[in-house]
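S.K.: Below you will find the structure I want to go over with you.
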Ligand SMILES: Nc1ncnc2c1ncn2[C@@H]1O[C@H](COP(=O)(O)OP(=O)(O)O)[C@@H](O)[C@H]1O
Ligand SMILES: Nc1ccn([C@H]2C[C@H](O)[C@@H](COP(=O)(O)OP(=O)(O)O)O2)c(=O)n1
């Protein structure tokens with residue numbers, strides 16, 4: 001009997017914490033969701049949380065260009081993330097926010113809101129609590145996961161891709177939106193996210209960088225699965 005228990009304990013994959021960071025359109029969400037589903041891990045889209053708090057600010061008459069006003073209001077909304085990779089959810093004060101957080105208005109304001117240190121402190125705490133509660137491990141994707149939120153992650157991946165490839169992917173998603181305009185908007189948002197003072201978009205020194213420009217999504221998924229399985233085997 002004890003042999004069976006020991007065998008089960010030995011063969012169950014170790015819980016791993018995986019951080020996937022990178023600029024917009026590099027494939028973080030699609031890769032993270034697929035990898036988490038394949039390996040039975042939880043999944044957290046941290047960009048959705050920053051979008052959710054931005055949406056709440058806009059809905060509640062907060063001037064998002066006023067950092068002090070954003071800081072003062074940052075503790076007010078209740079934000080909850082569902083971490084099933086096959087059906088991730090995001091609610092604000094109990095209301096489903098998954099649709100409205102993807103509007104152009106939110107996309108164009110999210111960098112300003114997420115640059116406010118009080119917003120980052122609050123959302124970071126939420127992220128750490130969720131990661132700590134993920135019994136089978138979790139894939140957390142964002143901009144500062146490997147550097148700031150989970151610096152002790154078992155695996156850190158930093159995805160990149162050319163601006164042209166990223167814009168083509170995004171404009172495909174936005175049903176034929178102008179590629180040049182999408183490219184400019186992406187570059188502007190990346191510059192804002194990379195230059196803010198508090199936990200900017202950056203590659204952690206110990207992250208594995210994967211340039212996805214010439215890779216299919218399937219190839220990126222396989223690459224990250226292999227990296228995770230390597231970490232699980234070594235645990
Ligand atoms: N390697 C890839 N090749 C082609 N298209 C991709 C690749 N990775 C992701 N995509 C597509 O690009 C779009 C943006 O991907 P997404 O995962 O949302 O990026 P991010 O989360 O980094 O912003 C999606 O439509 C996705 O299907
Ligand atoms: N860990 C994170 C995740 C996102 N953000 C901010 C900066 C990003 O421009 C926005 C939106 O992130 P999201 O991942 O949804 O962006 P895209 O999917 O690339 O459009 O949130 C952040 O500051 N830190």
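Including glycine, each Cβ sits where the backbone N, Cα and C put it.
Keep in mind that this is a model prediction, so the values were computed, not measured.
According to TrEMBL:
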DOMAIN    18-229  domain 'Cytidylate kinase'
BINDING   22, 23, 24, 25, 26, 27, 28, 29, 30  ATP binding site
REGION    76-99  region 'Disordered'
COMPBIAS  80-89  compositional bias 'Polar residues'
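What does the local environment look like for each feature on the list?
M.R.: Note on residue 22 (ATP binding site): other Cβ atoms within 10 Å of its Cβ, all shown chains, come to 25.
Residues of the same chain lying 6 or more positions beyond the ends of the compositional bias 'Polar residues' (80-89) and with a Cβ under 8 Å from any Cβ of it are 32-34, 36-37, 41-45, 48-49, 96, 98, 126, 130, 134, 138-139.
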S.K.: For the region 'Disordered' (76-99), DSSP counts of helix, strand and coil?
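M.R.: Per DSSP, the residues of the region 'Disordered' (76-99) fall into 0 helix, 10 strand, 14 coil.
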S.K.: What is the one among the binding-site residues 26, 30 whose Cβ has the most other Cβ atoms less than or equal to 10 Å away?
M.R.: 26
